Amino acid sequence: MVLPLVSRWSARVLWASPGWRRTYTQRACVGLKRLGCPRGVYSPLAHRAYSVVAGGPEVTLTPERYPVQRLPFSTVSEEDLAAFECIIPGRVITDPEQLQTCNVDWLKTVRGCSKVLLRPQTSEEVSQILRHCYKRNLAVNPQGGNTGMVGGSVPVFDEVILSTALMNQVISFHDVSGILVCQAGCVLEELSRYVQERDFIMPLDLGAKGSCHIGGNVATNAGGLRFLRYGSLRGTVLGLEVVLADGTILNCLTSLRKDNTGYDLKQMFIGSEGTLGVITAVSIVCPPRPKAVNVAFLGCPGFAEVLQTFRTCRGMLGEILSAFEFMDTECMQLVGQHLQLTNPVQESPFYVLVETSGSSAGHDAEKLTNVLEQVLNSGLVTDGTMATDQRKVQMLWALRERITEALSRDGYVFKYDLSLPVERLYDLVIDLRTRLGPRAKHVVGYGHLGDGNLHLNVTAEAFSRELLGALEPYVYAWTAEQRGSVSAEHGLGFKKKDVLGYSKPPVAVTLMQQLKAMLDPEGILNPYKTLPAQA
């Protein structure tokens, strides 16, 4: 079916193949309820995450690059290893080669020196492990898919790595309510396939979906590409099972949409980055799968036109608008240079990706066509292409989703994940290009325009303290002046913990530290992360 677009668009229409249903990474899952990233599935992010040590120069140890001192935790002894082996026989990993990839973040910016990786399969095993670590004063680093951007998922020193990779079972799914209950180690992409087979979708979608775990998504309160339509995880997560620092299992794994009894304890752990407890299971509500998905990829002559295009789309598309992403021309050049992806439209200063999701293919296509005609005739858009076929939709989305991968191949990346007023979203990029000059290879901006989220990235040939000094605290102070947030969706982790004060008042920071001290008095859970050290 060819959509009835205006003549200037007709040559670029990508037409539908209604019978096509599988994404380009889909493979058969072993079993109905056991989920994980199966062998043979290509995930750019997973590939990068697990080749950083073998395929490139050794990453500098975190304490050698950052000013951080080891806290007085115990070190793992032979007796500790024997105790772990009793709890999870055959799943205590001490092989240095296997530990390498778990000690390094996928961006190759931080590296720990943990000597042991633990792979529990149940919440009870996690409880026994933490009970032992609590008594022995052993620091613990919870780890999911290790796709974090701020160094929160790898050890800083020699913390015990507690992996959720084998906790990958779907516990239940209700095909009327759409409520999914699963273990924390389920890979997001595999969960997406599981619920899609039942005519539902996950309420979040990330570029790292082929590797990231749902527990890590919740622990970092990940935003992603569906935030505009379905909101944050704070609204879609119904319940959690969490193991506290001393091994206590907190079972708040409710599947109720409404529960107004007492404090909503799960909210403490959403976005806590593993510092308050280890999430072991999640209850989440999944929206019905849209019957029709359309994507338009457009070129805009300036950022003012990007803003006006968003305003037009929001006004004319209403409830079917599910994503509105933007990127600058340097992003497009980098995905072409490093990933050989082809620009489907004429070269432009800015590009936007518009997605609609609804229940009527004809109705949605007509609405989107009217929008495209409007923005084209008004000069807001200079060129564009549209897709309704799932394969073509995935190809257009790849231009946006793989920007991070392209940047990682351009050199060392200084990454900033900021919330700003939409009208000021790109001003910081322009400002930094002038400020940094030739010291930076590229200064690029892209992100989720619909929720005011800028991903600001600066690449260089190698890590440079001079360049870091020019960026920080300048970026954070600039953001604070606009009453923005220094972390929109990536969290604070290790690298951003000391800038919390740019977004939160001292009273709020103190209260967070008191909460941490109450739930984890020995401070063994993900130390050196999320909160600034107390004086």
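Cβ coordinates come from backbone N, Cα and C, glycine included.
Note that the coordinates shown come from a computational prediction; the quantities given were computed from them, not determined experimentally.
Taken from Swiss-Prot, the feature (R)-lactate binding site covers R400, H490. Marked as (R)-malate binding site by Swiss-Prot: R400, T404, K415, H490. What Swiss-Prot records for R400, T404, K415, N457, H490 is (R)-2-hydroxyglutarate binding site. Residues or ranges marked as Zn(2+) binding site in Swiss-Prot (evidence: similarity to another entry): H448, H455, E489. Here Swiss-Prot flags 110-289 as domain 'FAD-binding PCMH-type', drawing on sequence analysis. Feature annotation from Swiss-Prot assigns N6-succinyllysine to K115. According to Swiss-Prot, the transit peptide annotation covers 1-50.
Swiss-Prot feature annotations superimposed on the structure.
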residue: K115; record: N6-succinyllysine; DSSP class: coil
residue: R400; record: (R)-lactate binding site; DSSP class: helix
residue: K415; record: (R)-malate binding site; DSSP class: strand
residue: H448; record: Zn(2+) binding site; DSSP class: strand
residue: H455; record: Zn(2+) binding site; DSSP class: strand
residue: E489; record: Zn(2+) binding site; DSSP class: coil
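Long-range Cβ neighbours of K115 (N6-succinyllysine) (same chain, at least 6 residues apart, Cβ-Cβ under 8 Å): V76, T94, L99, D158. Every protein chain considered, the tally of other Cβ atoms within 10 Å of the Cβ of H448 (Zn(2+) binding site) stands at 24. Counting every protein chain shown, the Cβ of K415 ((R)-malate binding site) has 19 other Cβ atoms within 10 Å.
Nearest Cα neighbour of R400 ((R)-lactate binding site) among the listed binding-site residues (K415, H448, N457, E489): H448. Taking every pair among R400, T404, K415, H490, the residues listed as contacting (R)-malate, the largest Cα to Cα separation comes to 17 Å. Within 8 Å of the centroid defined by the CB atoms of H448, H455, E489, the record's Zn(2+) site, lie the Cβ atoms of G223, G224, D417, G447, D451, N453, L454, A488, H490, excluding the listed residues themselves. Only H455, N457, from the binding-site residues H448, H455, N457, E489, place their Cα within 10 Å of the Cα belonging to K415 ((R)-malate binding site). Between the C-alpha atoms of N457 ((R)-2-hydroxyglutarate binding site) and H490 ((R)-lactate binding site), the distance comes to 13 Å. With a 10 A radius on its CB, H490 ((R)-lactate binding site) counts 23 other CB atoms from all the protein chains. Note on the domain 'FAD-binding PCMH-type' (110-289): its mean pLDDT in the predicted model is 96. Checked against H490 ((R)-lactate binding site) by C-alpha proximity, the binding-site residues T404, H448, H455 yield H455 as the nearest. One residue stands out among the binding-site residues R400, H455 for having the most other Cβ atoms within 10 Å of its Cβ: R400.
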